[in-house]
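Scroll down for the structure; my scribbles are underneath it.
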Amino acid sequence: MEAQERKDMDNNSNIMCLLTDPEGTPLGPSMFLPQNAGPPQLQQLVNKLLNNEDKLPYSFYISDQELVLQLGAYLEKNKVSVEKVLKIVYQPQAIFRIRPVNRCSATIAGHTEAVLTVAFSPDGKQLASGSGDTTVRLWDLTTQTPMHTCTGHKNWVLCIAWSPDGKRLVSGSKSGEILSWDPQTGKQSGNPFIGHKKWITAISWEPVHLSSPCRRFATSSKDGDVRIWDISLRRCVIALTGHTLAVTCVKWGGDGMIYSGSQDCTIKVWETTQGKLVRELKGHGHWVNSLALSTEYVLRTGAFDHTGKQYSSPEEMKEVALERYNKMRGNAPERLVSGSDDFTMFLWEPAVSKHNKARLTGHQQLVNHVYFSPDGQWIASASFDKSVKLWNGTTGKFVAVFRGHVGPVYQISWSADSRLLLSGSKDSTLKVWDIQKQKLKQDLPGHEDEVFAVDWSPDGEKVASGGKDRVMKLWM
């Protein structure tokens, strides 16, 4: 058998290949690989070339399609010429696997109006929701029952955000006030943060690897301003003014910049010591609805990972978070993707240039929500055209479309291992999509009306959803 294999390999059937990382950086020079080499052999090779002590799992892509066959079979199937060098992109995979959710484990009543926003804490142990009934609620995930009802807002709670160290929760309402809560007790901590004149559209915390314990967060509002608040001083420390219309989204990046998207069609980049405008990203022909960062998952989870380790000091937390951030980011700049009412998306590298890296077209209606996968490899987009689309997170090239919803798709969320994508829609269902097979994995009906908010817990164990039917559903 071995002799036969050797003979096969000698039949000058080797293929000239170049291994590169997702950014396009080659891993050594081009090399001849045998036709019978498949993902397992390539994995061994990459681990060897990178001198990895612990063998890590990798997946391999040739022009955005995952390689699941041996090289010879792939060439034959796709009629690829052997004359040219075959470029193979290796992508590190999550070491853990997330099981797909397939059943509703609890339907919890409590809110008396629509659930507008849901968010798991960075360690995945707690869950919060905001509602049209003006309350924020904290839910007990072990018993799957309501734990605290946080009252204090006078209007709809439109957005909530956990600090990445898990110690605080902040919520913003339709009348423009911002409140902070102690997640352990459900009690309001201190007075409201006053300054915005119209409703709050988004909240984003300063990453824990830049400052620990977490003190500052940014908010965007319909009034056209972005404000930076200090939770200890309990006031606005910097107002970022310059947008001429409502600011729809804000993200605090890992390199310390703040990104804001607006109905004035621009995205502005701000530095956060004095609040100076650093860059303006132009290109959209209509409102900017959604922004996402390639590092968002590690920014959200800070020092917490799938092992569930807890930390004794803020310094230790900062150190671990910085390590996780640097590892995720690699040598490449942080990428930003924007989705708009003009049906398109843009991929940017704001630290490098004010010009976009790619324009992502294909949606037939407005793009409501964009989201990078935790490993930064994919971008997913949800649209009012009832579809979810998948794009390459580095180049912005179109990869696949997921059809199945019969109404606009409002929100999407990724599993921690980047292998599954969740979507919630006006059609009252949630759907789980398999990224590798590029098809529907699980249909999750159960809500009686539109699903406004979905979140997949960072530890991968559960999914939460809420919407017009006022109930909170947990899926396992």
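Residue numbering: from 1, along the chain as shown.
Just so it is clear, glycine is given a Cβ too, placed from its N, Cα and C backbone atoms.
Look at TrEMBL and you will find 16-75 tagged as domain 'NLE'. Marked as repeat 'WD' by TrEMBL: 108-149, 150-191, 193-239, 240-280, 360-401, 402-443, 444-476.
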Taken over the repeat 'WD' (193-239), the model's mean pLDDT: 97
Surrounding residues of the repeat 'WD' (150-191) on its own chain - C-beta under 8 Å, 6+ positions past either end: 113, 116-117, 119-123, 126, 128-132, 134-138, 197-205, 207-208, 212-214, 217, 219, 221-223, 229, 231, 234, 299-304, 314, 317, 321
Candidates 108-149, 193-239, 240-280, 360-401; stretch with most C-beta pairs under 8 Å toward the repeat 'WD' (444-476): 108-149
Folded-back contacts onto the repeat 'WD' (108-149), same chain, C-beta under 8 angstroms, at least six residues removed: 155-166, 169, 171, 173, 179, 181, 183, 185-186, 300-302, 304, 308, 310, 452-462, 464-474
Chain residues outside the repeat 'WD' (360-401) and at least six past its termini with a C-beta under 8 angstroms from it: 22-24, 64, 91-94, 286, 289-298, 328, 332, 335, 337-347, 407-414, 416-418, 421, 423, 425, 427, 433, 435, 438
Sequence-remote partners of the repeat 'WD' (402-443) [C-beta within less than 8 Å, at least six residues beyond its ends]: 59, 66, 93-94, 96-98, 100-102, 297, 306, 365, 368-369, 371, 373-375, 377-378, 380-390, 449-456, 458-460, 463, 465, 467, 469, 475
